[in-house]
Amino acid sequence: MAGERKLVVEVTSARGLMPKDGEGSSNAYCVLDYGHQRKRTRVMPKDLDPAWNEKFEFLIVDPSMPGDLEINVQNERKSGTGRRSSFLGRVVVPVSFMPGAPGDVRWYPLQKRGLFSNIKGDLGLRIWHMMESPPPPPPPPPQPKEEKEEKQLEETKEEKKEETKGIENKLEPERKKEIKEEKKMETKEETKEEQKKLVQEVAKEVPKETPKEAPKEAEKGGGGGGENAGAVTRELGAGVVREKGWVDGGGERIRQIRRIVKADQQPEFHRPTPRTLPDTDFTVKETNPDLGKAVDLKTHFDLVEQMTYLFVRVVKARDLLAKDANGKSDPYVRLTVGAVKTQSKIIRGELNPEWNQVFAVGRDKIHGGTLELTVWDADKESADDFLGGLMFDLHEVPQRKPPESPLPPQWYRLEAKNGKGRVRGDILIAIWWGTQADEAFPDAWQSDTGGPYFRSKVYLSPRLWYLRVTIIEAQDLVPFDKGRLPEPYVKVRVAPYQTLRTQFAQVRSASPFWHEDLMFVVSEPFDDLLHILVEDRNGGKEDILGQVRIPLHSIESRIDGRPVATRWYILEKEPGKGGGFLGRIHLRLCFDGGYHVMDESSNYLSSTRPSAKRLWRPCLGVLELGIHGANNLLPMKATKDSRGSTDAYCVAKYGQKWIRTRTIFESFNPRWNEQYTWEVDDPCTVLTVGVFDNRHTFNLMTPDKSTGAKDLPIGKVRIRLSTLESDRVYTNAYPLLVVTPHGVKKMGELELAVRLSCASTLNLMQAYLQPQLPRMHYFYPLDAKQLETLRVAAMNIVALRLMRSEPPLRQEIVQFMLDTEAERWSMRRSKANYFRIMGVLNGVMAVMNWFSDICSWKSPVTTVLVHILLLILVWYPELLLPTMFLYMFLIGAWNYRFRSRTPPFMDAKLSQGEHIGDLDELEEEFNVVPASRAQEVLKRRYERLRGVAGRIQNALGELATMGERLHALLTWRDPRATAIFISFCLVTAIILYVTPFQVVAVLLGVYILRHPRFRDPLPALPMNFFKRLPSQSDRIL
């Protein structure tokens, strides 16, 4: 007979539950339902993170269709009418995908029961199925008349005793190993009474084959196991019950027996699927770096850890030996410190060369106690000639920390190898131990970076302006075909890549009229030209009737909405070559300096300053950022030994200032320890920090010509300054998350230190009362579509300008930092925005649920207090607003204890990236426009989008129906309904005219808060009347 298949469910714990008892906590328990089988855990009182650690078994009736397991988390609360429960969330788990052996604890997010349920938190479960062996057949009934059978029973008992002893002897080596592990995990001791209770529970589970003396020996505590017995805990999820802290004695025998019983249940590690990602990897971790030791006075570089370097400044040499035939030499300097070898630049044809170079070698790269400095003559056809050298003991090198004055260089006489050979000349050098705060460090050759293209650098975005071109009219246009009236329009071009055109003139004429505004983005200095063309649509071709080019530096600027003088411009066939008269065009041109030109999304602006500098607000404080390093980065490119490597660097952007750290070669845990500062003029702005892999490190001297590959993003962090406390240092490790076609992936962690310092707290708070954007955005607003077009143009200008720097900040970096793909359609982002809306409505739903509980008298004491409050507010209405604001003050003061201790970070759960239902939704984000996928895939995506749009359409239809029903009350679309409503209004007006307001308010409040026994389960009369009103939905085809 085959064994029964069972489902084993271990409910370990829950976290972050919603408080439902009215005191900021919950009395949580779980109800498990599977196949008409219901079981329940114990109640954990006053705990939002309860731990049950209970195991349940369910019989699987039909293994071919196992169905789903449903677990409801409830809150037990006691009221005057008895015990009642409120809903905390539920989890529905398909049983068919469960493993055949226990694995790791898996966290399931609690789901809502309805659309407006107020639910949060996760439930930790371990679920697996097992096959239970069939029970042995019952032995035949004994025959007391025959003495042989009695002897056989006694022999079988003795054989079973010997078998248990043999099994115990076999498990003796394993028991010793477990004793060592259990001693490490001991935490505290329990009393003798708790130990005896647990021993009794163990004795009940011992099978019949085991001797009955074992539990008795355990209760006696033989071998001193009574007083020294430690805490006994059960680890049911692994399938083996382990007792921690038991010493040799009776307890050891019980542990062996329990191991025999559970020996067939072996743990199996859970393999995470790409759709389910662990929660703990996506949280911010607090770090404790050793700050402020890079300098003596903590004025700068006090937010980073100290990094020690050996600095060697090679200034010049004199009277070197001539090694070339022309009586000259091509000298250069070689430096060797342990495994680090480098050299200076070569000075051609010089016996008194000047290098003026600084070399910085990290202490972690130095293996040894000497520095070897040699001078060589570079030869192209033969080996380089030795010109002299020096050896320095690193233990005698002085140490320097800013702000100490730099060490002056000294002359040293060059020496020959081993005292032999002809050598002459002196070299001027300086050697000292320093830190990354040294003034010479930014321009020095660095052992962990290499050439100058990979050093740290500060960039400045160009100042951007809006150019407003108003096309008013044109006169005396000359078409190509003399016998027809032209159909003109105007096309305007501004570099780079900005082209706009007007509409066709309403009346076909040689003197058309448009009066249209066209907006462009330009940058300082204004070196480009404004190109205006007047074109005529002649059938299927476009004829250029005339054009004009205007230098941008000749255009007037303004800071407000005052009108600018217009001007007529003569049209030419080709600018600068003259020709016949082709007409003229009337224009108004100006730079609008009162706007802030956005090059990033309005949701996370880093600056709100207008283009005109005289409109800038004074500085409110200073933002300081310390970039410590990254941890556990993933390999980004393959190497010859197939290990992979990462050449990481950081880019931070705030306002017009961009910074780029040095590139650390071939390190998965790079340490930068660089500090930067920005001036802050608005506290409600965002700092963006990104980490990238440098793909141009194949040739250190000319990386731009080595390959056309693009630098790959590793992750990005945004920090909103308004969430930071003033003058507090935040040191945290932020997860670096990227979205891939297979889900959200953690690429590593970034350690940062952030501090916001303000000169005046009053001025900082006053900024919250001022408009975020300049005044021109409110007096002369731009529409959303136009702003998005201008933002893309501004981003392209910034990217092109930064690419012209040395070393360049590449276009893919600027696009990733400015988040240029934020407007692209994404099912994942749509879901995230939906849940954001539901999160906003959770507060309103909570108030409605609370009021519903008051009306249903779930807590009579609270309902009576609400009645008293109603009477007070009705008789003293002047207390209504003070009570409301006092209540909000108390809520805010109470929530101060639960404020966030860390800055915000990129949240994978909020972004709907932890649990992906269909991976095609993520792949859709990475498709180019137009899409290049197969027709079946595009059809499936289209059908999915239609389903989402259909639900949105129905929701909008319901809102429209409610509004139309309200409108139908007085429009006589339903004559009887309107007659009933206006009659009700007349009677109500008369009653309210003769009845005091306080009496009406009290009666209405008492009616709404009446006891449930006085309530009718049917809908109220006003609701019945409202739902019968007509709407326009029945008129839609």
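Every residue, even glycine, has its Cβ placed from backbone N, Cα and C.
According to TrEMBL, the domain 'C2' annotation covers 1-108, 291-407, 448-569, 604-734. Annotation source TrEMBL lists region 'Disordered' at 128-231. The compositional bias 'Pro residues' annotation in TrEMBL covers 133-143. Marked as compositional bias 'Basic and acidic residues' by TrEMBL: 144-220. Residues or ranges marked as transmembrane segment by TrEMBL: 864-891, 979-1009.
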Spatial neighbours of the transmembrane segment (979-1009) far in sequence, C-beta under 8 Å, 6+ residues away: 854-855, 863, 866-867, 870-871, 874-875, 969-970, 1025
Average pLDDT across the domain 'C2' (291-407), rounded to a whole number: 85
Remote residues contacting the transmembrane segment (864-891) - C-beta distance under 8 A, at least 6 residues beyond either end: 854, 998, 1001-1002, 1005-1006, 1009
Counts by DSSP class (helix H/G/I, strand E/B, coil) across the domain 'C2' (604-734): 10 helix, 59 strand, 62 coil
Residue counts (helix, strand, coil, in that order) that DSSP gives for the domain 'C2' (291-407): 6 helix, 51 strand, 60 coil
